[in-house]
Amino acid sequence: MTTSEKPDLAGERSDYIGGRLIEADAPDEPWSLFDAWLAEAFAARDDGYLSEPTAMSLATAAIDADGHARPSVRTVLLKGSGDGAISWFTNYESRKGVELAANPYAAVSLLWAPLHRQVRMTGKVERVDPEESREYFASRPRGAQIAARSSAQSRVVAADALAERVAAETERWEGRDVAWPEHWGGYRMAPEAVEFWQGRPDRLHDRLIYRRVGGAWSRARLAP
Ligand SMILES: Cc1cc2nc3c(=O)[nH]c(=O)nc-3n(C[C@H](O)[C@H](O)[C@H](O)COP(=O)(O)O)c2cc1C
Ligand SMILES: Cc1ncc(COP(=O)(O)O)c(CN)c1O
């Protein structure tokens with residue numbers, strides 16, 4: 001179709017023909033399966049048919065004055081996984097930062113569309129150690145460091161004002177390391193539930209959910 005035609009939204013669908021995800025092959029805990037799926041997503045990226053393997057949707061929910069939880073969702077990059085938790089980095093004063101300060105429970109979803117796979121996690125979020133944030137910040141490209149210092153993420157901004165901030169910060173740090181700003185750092189979530197979804201023909205997908213109770217994981221199959 002050409003870009004001037006309206007896409008047929010209702011008629012758009014793909015058939016999923018991935019492998020099975022069955023209990024006999026699945027581990028007792030979610031992390032080895034998550035690592036295996038991540039490795040396959042990176043391999044697909046290397047082979048050129050999947051992009052942004054670490055992109056994940058992050059949902060937070062603020063309770064408004066009327067008592068209703070109002071979810072908000074955005075994409076962030078998964079930056080760490082290990083010791084029973086995942087992590088990402090952002091501006092603590094952003095909308096998501098403000099919402100997490102008020103309500104630390106969040107949900108994430110990773111979609112690896114070419115592999116017909118999705119992983120969802122829910123749980124409590126906390127800030128990582130400032131030292132870890134400082135270290136990760138130091139590893140980022142200089143342009144991204146300057147941007148993090150210059151941008152009051154999620155606030156209304158004039159394009160000119162942002163460009164001026166970037167120019168000022170660029171000049172300020174010329175010839176030396178860009179200092180880590182304390183309002184920018186990591187969050188970690190030790191999920192209490194992790195769901196793996198493998199697309200199957202006729203929408204009869206495989207879904208396995210792991211739930212953590214204390215230190216132990218239970219596993220169950222969910223209807224597609
Ligand atoms: C692929 C992709 C990756 C992104 N990664 C991040 C990230 O790691 N950290 C971040 O703060 N924003 C990231 N963003 C921008 C966020 O989606 C969002 O615009 C920003 O964090 C402000 O969100 P908030 O106003 O809800 O706090 C990314 C956007 C995209 C499309
Ligand atoms: C605003 C923002 N912050 C952080 C990130 C994460 O990027 P990096 O890999 O440079 O830490 C992104 C990635 N798109 C972003 O858009």
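Using the three backbone atoms N, Cα and C, a Cβ is placed for every residue, glycine included.
Sequence annotations record features per position, and here TrEMBL assigns FMN binding site to 74-79, 89-90, 95-96, GLN118, 153-154, TRP197, ARG207. In this structure, SER154 (FMN binding site) belongs to neither helix nor strand by DSSP; it is coil. Its own atom aside, the Cβ of SER154 (FMN binding site) has 15 Cβ atoms within 10 angstroms in the protein chains shown.
As annotated by TrEMBL, substrate binding site applies to LYS79, TYR136, ARG140, ARG203, LEU204, HIS205. Counting only same-chain residues six or more apart in sequence, the Cβ atoms lying under 8 angstroms from the Cβ of TYR136 (substrate binding site) belong to LYS79, PHE89, GLY186. Mapped onto three states, the DSSP output places TYR136 (substrate binding site) in helix.
Annotated domain 'Pyridoxamine 5'-phosphate oxidase N-terminal' per TrEMBL: 50-171, in sequence order. Sorting each residue of the domain 'Pyridoxamine 5'-phosphate oxidase N-terminal' (50-171) by its DSSP state yields 43 helix, 47 strand, 32 coil.
Confidence across the domain 'Pyridoxine 5'-phosphate oxidase dimerisation C-terminal' (184-224), taken as the mean pLDDT and rounded to a whole number, stands at 97. Here TrEMBL flags 184-224 as domain 'Pyridoxine 5'-phosphate oxidase dimerisation C-terminal'.
Closest to LEU204 (substrate binding site) in space, going by CA atoms and restricting to the binding-site residues ARG74, ARG95, SER154, is ARG74.
Closeness to ligand 1 is met by VAL76, these being the binding-site residues among VAL76, ARG140, ARG203 whose Cβ falls under 6 Å from the molecule. For the binding site of substrate, formed by LYS79, TYR136, ARG140, ARG203, LEU204, HIS205 according to the record, the largest Cα to Cα distance is 42 Å, rounded to a whole number.
Looking only at Cα atoms, LEU78 (FMN binding site) sits nearest to ARG140 among the binding-site residues ARG140, ARG203, HIS205. Distance between Cα atoms for ARG140 (substrate binding site) and SER154 (FMN binding site): 21 Å, as a whole number. Listed in sequence order, the binding-site residues among LYS79, ARG95, GLN118, ARG140, ARG203, LEU204 whose CB lies under 6 angstroms from an atom of ligand 2 come out as ARG140.
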